[in-house]
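Data block below; observations after.
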Amino acid sequence: MEKKLTALSHLFVTVFLSGFSTIIVAPAIIDVTMFALCPGTDECSLAIYLSGFQQAIIGLGTALMMPIIGNLSDQYGRKALLTLPMTLSIIPLAILACNRTANYFYAYFAFKTLTDMVCQGSINCLALAYLADNISYRQRASAFGILAGVTSAAYVCGTLAARFLSTGLAFQVATFVSLFAVVYMRIFLEESIPADQGEGITQPILKEGEEDNIIQNDDNAPTKVPPFKKIPSLGDVIYLMKNSPSFAQAAIVAFFNNLGEGGMESSSMYYLKARFHFNKDQFADLMLIGGIVATISQLFIMPLLVSPIGDGRLLSIGLFASCVYAILYSIAWSAWVPYAAAAVSTVMVFAPPSLRSIASKQAGPREQGKAQGCISGIISLANIMAPLIFSPLTSLFLSEGAPFHFPGFSIICIAITLMIAFIQSLMIGRAPSTSNAENSMEV
């Protein structure tokens, strides 16, 4: 028990350091981009389109890579696969740590696009699979919530550090921390291979010898499915969805939720900069408030609510809060409204770990990487579509050529996609079971 808890603490430290190195430069990216592309202006259509193009290309790459990375981690271990994205993520940070002129920015842009095809989302995907290897299904929602809380803590610390560091120093610190994270992970984190789950900190979900050929249905009863091939095909993903209604519904929720979140990511900062002339420090303050609220909620509130409420209801509550958040952004009449809207993240942050927990329960112990990889791939597909839809819409309604005056129109459209995800989340668990409860295995 002690040995496994120590291993999990090293995982949390690894995730924290990786997240910190990413977030510490986030408030400065907008200013660096604007300075390189449109110096001296607060509105830049080129920056919006370029950001959207990058997000779409990265989404296409990750949609292809996430199921493969998850599958390979089932075969070769989580630690071995974590090394690749954590190492690649150092390169773009090191470029801007050297200089932030236009030429260096374009080099950063190219390397960031290429490396994020492997890096974006893969660390979280592999960390979730690592937890699933060592935590029983009844405790996974809480464990995933704690992991999300650690990520939010990195968000807070990174944002706070960015508030007091110059842009150049922020990139230098990020480069050092990301390098240190790789070294720490390689030295201290123990390998986790699903085949060894029987020795985990809790009993296996299913009886030994049957893990390879079953998934969990909505009543936690096992359903026979053929073993996955080494590299999962689209047919494998479709087969998994057909044989687990809850997994299929979770996939739909993941798509629409991340279509909305991707739209917010590609549009909201440019919207705030054009509407209220936000600068780096204001972006950092806004991120800090949201991060503090999210950290407290995920580390202390969510674990208390999982047992009495359940991950299904927590998912719906979080998605409804996301709708409210987007609506508040779209009708913001003053610069303080986005700060007030950040309070809604107290509840919003319930959604991602609850969704991952539901998906995790539908896969056997040796298919956790595949299941999380499939969900990550679907999320990446949404990230491809989001900027293609919302970046042009944002640019149009922030320009003088808008059909009518409503700068937040694209954000309202984002709220609609989040509402679709909320409605679909209400249906999870209501589909007919794929096997009888009497076939369920002991935990």
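Placed from the backbone N, Cα and C atoms, the Cβ positions cover glycine too.
Remember, TrEMBL labels are computer predictions, not curated facts.
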Ask   = Which one of 81-102, 257-278 shows up in TrEMBL as transmembrane segment?
value = 81-102
Inquiry  = Is it true that the transmembrane segment (143-163) and the transmembrane segment (373-398) have 3 or more CB pairs under 8 Å, sequence gap of 6 or more?
reply    = no
Query = Can you find at least 3 Cβ pairs under 8 Å between the transmembrane segment (373-398) and the transmembrane segment (326-352), where each pair is 6 or more residues apart in sequence?
reply = no
Ask   = Taking pairs 6 or more apart in sequence, does the count of Cβ pairs under 8 Å between the transmembrane segment (12-36) and the transmembrane segment (404-423) hit 3 or more?
value = no
Query = Which sequence positions outside the transmembrane segment (169-189), separated from its termini by at least 6 residues, show Cβ-Cβ distances below 8 Å to it?
reply = 7, 10-11, 13-14, 17-18, 20-22, 24-25, 28, 79, 82-83, 86-87, 89-90, 93-94, 96-97, 100, 161-162
